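Features reported for this protein in TrEMBL:
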type	residues	note
DOMAIN	481-745	domain 'G-protein coupled receptors family 3 profile'
TRANSMEM	483-506	transmembrane segment
TRANSMEM	518-539	transmembrane segment
TRANSMEM	551-575	transmembrane segment
TRANSMEM	596-619	transmembrane segment
TRANSMEM	639-663	transmembrane segment
TRANSMEM	675-695	transmembrane segment
TRANSMEM	707-730	transmembrane segment
Amino acid sequence: MRGSDLQFRIHITKPKYEYKYIQDGDIIIIGGVFSVNYSVKYILDNGGKYIPICINPIQNRYIEIQTLLFTIDEINQNLDLLPNITLGYHVYDSCADPNLAMKSVMQILTGPGRIVPNYSCGDEREIAVLIGGRSTVTSLPIAQLLGIYGHTQISYSAIDPVLNDRALYPHYFSTGPDDYIQHVAIAELVEHLGWTWVIILAAGDERGERESQNLRNEITKHGACVDFIGTLTDDINTNTRTLERIQKSTAEVVVLCGEQFRTKIFFVEKIIKEKTLVAPATWIPGYPTSLFNGSLIFNEEFFIFDNSEFEDYVLTIKEDILLKDLLTVASSCLTHDEEKDTIFKNVYSKIFRNCSGSKLLPFYGRSYRVYTAVYGFAHAEHDMLSSSGQFCNKHIHKNIHRKQTLKSQCSASCPPGYRKVPQNGAPPCCYDCASCSEGEVSNLTDMENCVRCLDYEWPNHEKTMCIEKPTDFLSYDRDSLTLIFNVLTVILSAIAVSILGIFISFRDTPVVKANNRNLSFILLVSIKLSFLSVFLFLGCPIDITCMLRQTSFGITFSIAVSCVLAKTIMVFIVFKATKPGSSWKTLVGAKLANSIVLFFSMIQIIINVIWLGISPPFAEQNIHSEPRIIIIQCNEGSVVAFYIVLSYMGLLASVSFIVAFLARTLPDSFNEAKYITFSMLLFCSVWITMIPAYLSTKGKYMVAVEIFAILTSNCGLLFCIFLPKCYIILLKPEMNTKQYLLGNKKKLIVTL
């Protein structure tokens, strides 16, 4: 079969009685699809075919059509809005049937006469906008059809959320109230006013339940919580329990949703006395506004027509078939059209009688939405033609006597420095406030979690911001311990120098010459240097001071202890050498003493050189030992090497102590061993107690413990060994003679 032989025909059945209003304009036509009749019935015609007939007309829906015509006529008379343009209209009654609605739209797009899809039979006609339909049943197919051609549709009643999808229906608009939009507006208002704890009150029916759940979800999305959802039903006991629960709740705001409660307004009036109400737009009609004084109402802007003018307009309509049929059905009067009377009797199943009909009284209903839809188009057309237009200013019209915004919260806001702790089993808006943990801050109100400060920072006292941690070390300018150690070090060093000066001045006296004068000089110098090494422990540690502090003390003190050991050994050897024929005489002399000092000192020097070469100490910032401060300290590098140095000094001291202890019973001329024994005992005691204290302290106090041990150890050597000699030299010069030392006891003094 050839393509030219293919024929397609679209047959659209017209209703038995078609209700339409047509008036041509200049170039702009407004289409209208209304639903005055709210149902369709199919009857057999004379040809045996089923045809639709529109039945059950409603008065206020007829007013909606007349509102459209009245508004268009009013705009045409307004020379300022659309000058030099006369609007026309093509309006049809779809009878709330989707098929007839589609037929009406096709008729409007094609023009009067035969319906031809995709063609417009009018001359220079332009369908600028289509007003309608009234419900989703008719609005949805109309929107789908008009979307193909890109024509604008303004519904005055349909509020199905499906039609809000701008991707599917970019040309669909509505002047009717939208539940979703109202829910969003209420939720945003609650959020804006800082309310986090509200009650929802809905009608106890299916719509109330559905809307209350949707409203609850929207309020929750905006960060608020709902204490409970209450319902008002026809049961007085249930309503009383709901009212009591509202009165006991800590929430100060009650949000109404759904249809008006009508007979339950008595309960709502009681709530208003104690709580603040927030109600949607559907609540104002039918109730005096004074009843809602102190409440927040989302009110639609009503346009009130002049009654006499609009009524005169309706009453002047002549030859209006729809009006005649509406009055006929309403009054059950015959039309004097035999065929129509027969059809009406069959479809309405009631008796029609001879009468003149009744006068239609104006019923405004929702006609203002139609009025708004037409004027909305007219103003948009005006702005488009004049290339002007502006955004509407948004205002909150208020008459509030409170000076502060009402607070409705389950829990008070958590201030900065605190975080929210959810209560078990309670909504998210019910919480306790807990202070931020150590090292954490919160700088905003109602923070869910505190923020941890960086490693080098610590919270301020209020825990609202992170500040730099203070550094901790033995500072010269802000630490009293540093001043004390400085003074002690200077004094003790001066004493060591003074004693050295005394010994040099009296170097030829028997007391100085006894027990090896040269070793005494070396010992005094090493003690002085050991005192001065304390300065390396003070101040802010750096790498060079960290490397020198332990090594300098270790070497100088090892030299000092080596001198003490050499002195003790030499005392023992000299005593043995005094016996006749003793072989110990060959060991007596300065050479052996110097060799002992050099040998034992070199071992310590080698240990320190290896330590510095392999893993030297270095300065570091310790941020973990003390959470609130940064400890600037010396890392010993190799802990093993550090303890080897200390252990070696301890070994030298122990050997010196043992040898001195064995030599303590020698004759009085050689009783220096007694003082050495005491000084070494003091050294061992100090360092044995220092090590646990050193390990248990941190920061500057750990350094202070080591400085104390250094000063005490050196003081033990200085005062125990040299103070008795200074006493004899300065205060008892008669005892500092060879004759006194020999005396009647025939003591032997060996001058080395």
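Glycine is no exception: its Cβ is also placed from the backbone N, Cα and C atoms.
Same-chain residues lying 6+ beyond the ends of the transmembrane segment (707-730) with a Cβ under 8 Å from its Cβ atoms: 485, 488-489, 492, 495-496, 499, 502-503, 506, 509, 511-512, 520, 523-524, 527, 530-531, 533-534, 537-538, 553, 557, 560, 564, 672, 675-676, 678-679, 682-683, 686-687, 690, 694, 736. Taking Cβ pairs closer than 8 Å, the transmembrane segment (551-575) reaches residues 515-516, 519-520, 522-523, 526-527, 529-530, 533, 536, 584, 587-588, 592-594, 596-597, 599-601, 603-605, 607-608, 611-612, 645-646, 648-649, 652-653, 655-656, 659-660, 662-663, 666-667, 670, 672-673, 676, 679-680, 683, 710, 713-714, 717, 721, 750, 752 in its own chain, all 6 or more past its ends.
Looking just at the domain 'G-protein coupled receptors family 3 profile' (481-745), the mean pLDDT is 84.
Among residues of the same chain six or more beyond the transmembrane segment (483-506), those with a C-beta under 8 A of the stretch's C-beta atoms are 474, 476, 512, 517, 520-521, 524-525, 527-528, 531-532, 534-535, 537-538, 704, 707, 711, 714-715, 718, 722, 725-726, 729-730, 736.
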